[in-house]
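S.K.: First the structure, then my questions, so here it is.
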Amino acid sequence: MLIVQKYGGTSMGGCERIENVAQRVIQALDHHKCGLVVVVSAMSGQTDTLLEYAHFFSSLPNTREVDMLLSSGERVSSALLAIALESKGIKAISLSGRGAGIITENTHTKARIKYIDTNHIQKLLQEGYVVVVAGFQGISEEGEVTTLGRGGSDLSAVALAGALHADLCEIYTDVDGIYTTDPRIESKAKKIDKISYDEMLELASMGAKVLLNRSVELAKKLKVKLVSRSSFSASEGTLITDEEDIMEKPIVSGVALDKNQARVSIADVLDRPGIAAEIFSTLAEANINVDMIVQTIGRDGKTDIDFTIPQTEVELAKKVLECFKNDVQSIEYDCDIAKVSIVGVGMKSHSGVASIAFKAMAKENINIMMIATSEIKISMIVNIKYAELAVRTLHDVYALDK
Ligand code: ADP
Ligand code: ASP
Ligand code: MG
């Protein structure tokens with residue numbers, strides 16, 4: 001039997017906490033008598049601190065150097081956990097992304113994993129080691145250190161679980177599992193025992209950072225048995241599983257909030273075929289993720305295009321969209337927005353879910369600036385000052401605390 005465990009930044013945030021993780025690892029060894037691969041994040045706040053250092057020198061630092069810098073955080077925490085385990089008589093060894101054979105594309109700051117060469121890890125497991133892997137990082141075939149994007153250790157864990165055919169992938173964090181919304185925003189949020197991959201994917205993509213969306217997507221694809229649980233309690237956590245395994249399907253399962261989006265408003269774009277393609281290909285080439293897109297009806301040969309991008313990519317977007325300045329009247333960037341989303345597989349078969357949301361928002365006088373929907377999700381952009389109120393209002397109107 002093989003288990004992959006992942007411990008996030010808060011769980012690794014300091015020597016006492018790393019000591020606690022070491023105890024958990026020993027418990028798992030005693031309990032399951034299994035092989036164990038432990039993926040770790042950098043100590044909490046470390047990645048942000050390193051990024052701040054880089055931004056002291058430049059608003060757009062060289063991404064290769066950013067990856068060299070950020071990958072150090074996970075190397076520190078993985079080595080410390082291996083030292084902690086060894087001090088307790090456990091045979092443990094830490095590996096960087098390169099050591100773990102995590103081969104990625106040769107792009108920086110959000111590289112995709114191409115494959116994992118598991119030979120080295122397999123050999124170490126056979127020799128009886130607990131293998132501690134620095135999360136969030138890999139190596140390109142060109143030998144460049146890469147990182148997988150913020151929150152990427154979740155992806156490292158799922159990818160390793162898939163490649164090693166692990167029996168279970170446990171993501172340890174600072175809450176007891178997946179809740180109906182962020183329990184830090186709504187204290188009435190309830191823990192969910194089981195949630196489908198698709199709902200979890202939407203919640204994660206819409207801002208519930210408890211799991212990285214790409215890790216959920218990969219878990220579904222590779223059929224990895226995924227559990228989210230706390231490293232600070234004995235709670236059972238939440239199982240992320242196939243929709244068929246869930247008997248009671250609520251219409252709305254959860255509410256997600258993303259405060260890291262920015263709205264880009266391009267006014268008076270020449271309304272001609274190909275212009276949207278040009279703008280969005282430019283953004284795609286720069287690897288900027290565009291989310292909601294709204295184009296107004298053209299008038300006098302001109303149209304307005306609004307869309308959202310991650311706030312962290314605003315500087316880059318400004319740079320690459322510069323070339324359109326003569327084709328449009330203005331390009332504005334608004335970071336004072338938030339995206340609130342409701343997610344639930346039950347929406348597929350129930351009507352009227354959206355109107356309940358819109359009425360509830362209106363009752364609280366919250367203006368909705370943009371709306372986007374999918375089969376199992378409704379997202380709304382609101383002013384950031386109403387973000388938490390919007391979350392609590394929606395949580396309440398769908399009685400998610402019941
Ligand atoms: P880690 O450092 O362990 O990776 P993260 O900070 O990335 O942890 O994710 C855990 C946080 O996710 C929680 O502290 C919680 O505030 C937040 N969160 C957002 N939405 C949810 C949700 N629906 N259920 C549980 N936690 C959530
Ligand atoms: N340390 C990285 C981050 O803060 C990766 C992770 O924690 O998953 O984003
Ligand atoms: Mg995380």
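For all residues, glycine too, the Cβ spot is worked out from N, Cα and C.
So TrEMBL lists these for the protein:
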type	residues	note
BINDING	Lys6, Tyr7, Gly8, Gly9, Thr173, Asp174, Tyr179, Arg184, Lys209, Val210	ATP binding site
BINDING	Thr47, Glu74	substrate binding site
DOMAIN	264-345	domain 'ACT'
S.K.: Let me know the largest Cα to Cα distance in Å among the ATP-binding residues Lys6, Tyr7, Gly8, Gly9, Thr173, Asp174, Tyr179, Arg184, Lys209, Val210, as an integer.
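M.R.: Answer in Å: the longest Cα-Cα distance is 22.
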S.K.: Take the Cβ of Thr47 (substrate binding site) and count every other Cβ within 10 Å, whichever protein chain it belongs to.
M.R.: 24
S.K.: Just the binding-site residues from Lys6, Gly8, Glu74 whose C-beta lies under 6 Å from any atom of ligand 3, please, or none if there are none.
M.R.: Gly8
S.K.: Grab the pLDDT values for the domain 'ACT' (264-345) and give me their mean, rounded.
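M.R.: A mean pLDDT of 92 is what the model gives the domain 'ACT' (264-345).
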S.K.: Looking at the binding-site residues Lys6, Lys209, which one has the fewest other Cβ atoms within 10 Å of its own Cβ?
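M.R.: Taking Lys6, Lys209 as the binding-site residues, the minimal 10 Å Cβ count falls on Lys209.
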S.K.: Reduce the DSSP letter at Tyr179 (ATP binding site) to three states and note it down.
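M.R.: In the DSSP reduction, Tyr179 (ATP binding site) maps to strand.
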S.K.: Tyr179 (ATP binding site) has how many other Cβ neighbours within 10 Å of its own Cβ?
M.R.: 25
S.K.: Across all chains shown, how many C-beta atoms besides its own are within 10 angstroms of the C-beta of Glu74 (substrate binding site)?
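M.R.: I count 30 other Cβ atoms within 10 Å of it.
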S.K.: Give the subset of the binding-site residues Lys6, Thr173, Tyr179, Lys209 lying near ligand 2, defined as CB under 6 A from any of its atoms.
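M.R.: Checking each Cβ against ligand 2, none of them comes under 6 Å.
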